[in-house]
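Trainee: Quick one: this structure, given as structure tokens, is what I'll be asking you about.
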């Protein structure tokens, strides 16, 4: 595997049974960084059960089981390589915690692949009000995924098979919906494919001579690599803090924005502790500077392990991370059994922090499709609603405006073990905190 290629994170979304697993399985089978031995083992097992059961979805399920049993393919099982990129598929389709993982974006997706079935009735089910085609597309947009590819799947099962008319119909209906979410449709390829037969996945389909756009892999190769926000102020949400004997305090986290250099003075917020960076490591290699996307451990002098914790954020003294007295956000309610009113206090999961935050005002209810205000100061909001809401964290929490620092400005609301909603921060009222520099 040539490590020189840039890495892209791809999230695969779409309605249940529209063929996500089969499609991913087929691509992994053809391009995946899965060793031959594993593939052979799976194929032999398939032969034993009768050829028909070697479906690509079944391959994916087998790989998932292997991963859960901790077999060696754990790391590579969801990676595949194209001419230009190495792709990591975030979250295999059908994952229970799919929505939660997509939101908190532990590994933020650079692009989304939306799989829709062209089979009669199936496309319509995905587009119904409770359809996942709609829900996942809304989520992707809310979470800041601006690069989208649509795979119009099961083209072998249209009436008649390989129907251009059905493809055009889906492209029109779905295109209109995606446009209403704010996607630039001229940049969204719609690729007619069959995950089952492999048509238009890697090679051109002889069954659809009417289509002259890219194959799925060509479309994946034409995605843009994510920009590195090095010119923004430094932000490093802390994942863990270690005290290493003979070294000292070592916070660990991913640089989201800005650049960290050896010798820099940094401040950890909310505790307002200041330290000096003595060394930086990434994957056990010493480096002089760290940039966005780097997962690092850095040794700081002047700060003890007791002073800082997971959920704190490191920045430079001239532009410290913002601690919120209150923050205002655009939220979308995914699930709630009754109604949400002022006083409701879900746990806000934002960057590496999770802090209960009270709703102190529901400013407006929005049309989830257009974002326009439909009601000022509503009494309550419920499942399926979008709204502008003001929160007060019950203990100090670093929150930034989404427009300034996207990874520190999007969050999930959790309660009762479920994701209640997702949100993006539109405004922050900062808490006044004095930073003592010795």
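Cβ atoms are placed via backbone N, Cα and C, with glycine included.
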Trainee: Can you check which of 153-156, 157-160, 161-164 Swiss-Prot lists as region 'G4'?
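Mentor: In Swiss-Prot, residues 153-156 carry the label region 'G4'.
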Trainee: Kindly point out the range from 55-59, 60-64, 65-69, 70-74 that Swiss-Prot annotates with region 'G2'.
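Mentor: Of the candidate stretches, Swiss-Prot labels 70-74 as region 'G2'.
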Trainee: Which range is it, out of 91-94, 95-98, 99-102, that shows up in Swiss-Prot as region 'G3'?
Mentor: 91-94
Trainee: Can you identify, from 6-13, 14-21, the stretch that Swiss-Prot calls region 'G1'?
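Mentor: From Swiss-Prot, the annotated region 'G1' range turns out to be 14-21.
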Trainee: Looking only at residues six or more beyond either end of the region 'G4' (153-156), which have a C-beta under 8 A from one in the stretch?
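Mentor: Contacts with the region 'G4' (153-156): 18-19, 23, 115-119, 122, 162-163, 166-167, 192-197, 199-200, 205, 207-208.
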Trainee: Could you give me the DSSP helix, strand and coil counts for the region 'G4' (153-156)?
Mentor: 2 helix, 1 strand, 1 coil
Trainee: Quick one: Cα separation, residue 155 (GTP binding site) versus residue 21 (Mg(2+) binding site), in Å?
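Mentor: For residue 155 (GTP binding site) versus residue 21 (Mg(2+) binding site), the Cα atoms are 16 Å apart.
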Trainee: What is the one among the binding-site residues 17, 21 whose Cβ has the most other Cβ atoms less than or equal to 10 Å away?
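Mentor: Result of the Cβ crowding comparison: 21.
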